[in-house]
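Novice: Would you mind keeping the following structure in view while I ask a few things?
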Amino acid sequence: MNPQAKLIFTTSLLLGTTITISSNHWITAWAGLEINTLAILPLISKSHHPRAIEAATKYFLVQATASTLVLFSSMTNAWYTGQWDITQLTHPVSCLILTSAIAMKLGLVPFHFWFPEVLQGSPLTTGLLLSTVMKFPPITLFLMTSPSLNPTLLTSMALLSTALGGWMGLNQTQIRKILAFSSISHLGWMTIIISYNPKLTLLNFYLYALMTAATFLALNSIKALKLSTLMTAWTKTPPLSAMLFLTLLSLAGLPPLTGFLPKWLIIQELTKQDMAPAAVMISLLSLLGLYFYLRLAYCATITLPPHTTSQMKQWHTNKPTHASIAILATMSATLLPISPMISTLL
């Protein structure tokens, strides 16, 4: 892609995100979401592969529908209450429509079907943007309207997202699809706590974005898209494979890595809110996700594939690992000891 075009699209992405997260009027928030959608489409379809074009089309249709629902929800609320302020969403029908719209934007169950397909058709760098930056504006709207939304509905959607994200990721061999289902599962953890402690949702999102960025950049450096490619990638850069192993275990939420921190705080908060059954259920459902993370981690560090593979072993490279990957991977593994400091910020 032309560097000037790439610069324009990246700037538009940042502009759209900034407009949405800094607005308190529904129309400006909607405009920011639209700018975001239009800016990411060329980045999804830049390879001109039929699968990429299909992914861009699916993404456009879903996001356009979700944006229409956001506008419809805000107009219904304004019709009944005369309020265009994002935090003043009080009409029950508007709240229900907005919950559906944001679930569609994020890829929460039952509106999750588009996300694995779109991620599978996108390059790894665009996949990183779709999993992190593109989720930030809808999460912000979720956060601002969370006091008005129905907690029972959100809890049900969260448990279903964690269940389906774990269940559907078990049988996958394509790494991008596994990471898409991982994202759906993590969104379940963010959604279950948003009505009770929205700051925890933000903390979970930040740490999830950190760990996902480390994973995507490491995979992009190795150029691994399938599990069979990942099995033979250890010869190329063994230190990077070891870092990827730790980052994947952190995404799974194993102590003593960073990923354990949000899960621990969310379970603690749910127990305080007399929601121990929900905490037990979401903890058990996250074990499904643990299986495919362990599978990925095993493939990343395996030195002898268990069967004859058609993939060629890669040449060892002396090219140093990029500093950003090193910093992100280190943070993905080592932030748990400063959890008392993080919890004082909440």
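Placed from the backbone N, Cα and C atoms, the Cβ positions cover glycine too.
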Novice: Looking at 26-44, 178-196, which stretch does TrEMBL describe as transmembrane segment?
Specialist: 178-196
Novice: Take the transmembrane segment (59-79) and find every residue of the same chain, 6 or more past its ends, with a Cβ under 8 Å from one of its Cβ atoms.
Specialist: 26-27, 29-30, 33-34, 37, 40-41, 44, 88-91, 93-95, 97-98, 100-102, 104-105, 111, 114, 118, 130, 141
Novice: Out of 91-115, 240-258, 278-304, what stretch is closest in contact terms to the transmembrane segment (202-219), meaning most Cβ pairs under 8 angstroms?
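Specialist: By the under-8 Å Cβ criterion, the transmembrane segment (202-219) pairs most with 240-258.
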Novice: Are there residues at least six beyond either end of the transmembrane segment (278-304) with Cβ under 8 Å to its Cβ atoms? List them, or say none.
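Specialist: Contacts with the transmembrane segment (278-304): 155, 158-159, 162-163, 165-167, 169-170, 172, 175, 178, 181-182, 185, 188-189, 192, 227, 230-231, 233-234, 241-242, 244-245, 248-249, 251-254, 263, 266-267, 270-271.
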Novice: Are there residues at least 6 beyond the ends of the transmembrane segment (178-196) whose Cβ is under 8 Å from a Cβ of it, and what are they?
Specialist: 106-109, 112, 115-116, 119-120, 127, 131, 135, 139, 142-143, 146-147, 149, 151, 154-155, 157-166, 168-169, 172, 204-205, 208, 212, 215-216, 251, 262-263, 266, 269-270, 273, 275, 278, 282, 285-286, 288-289, 292-293, 296
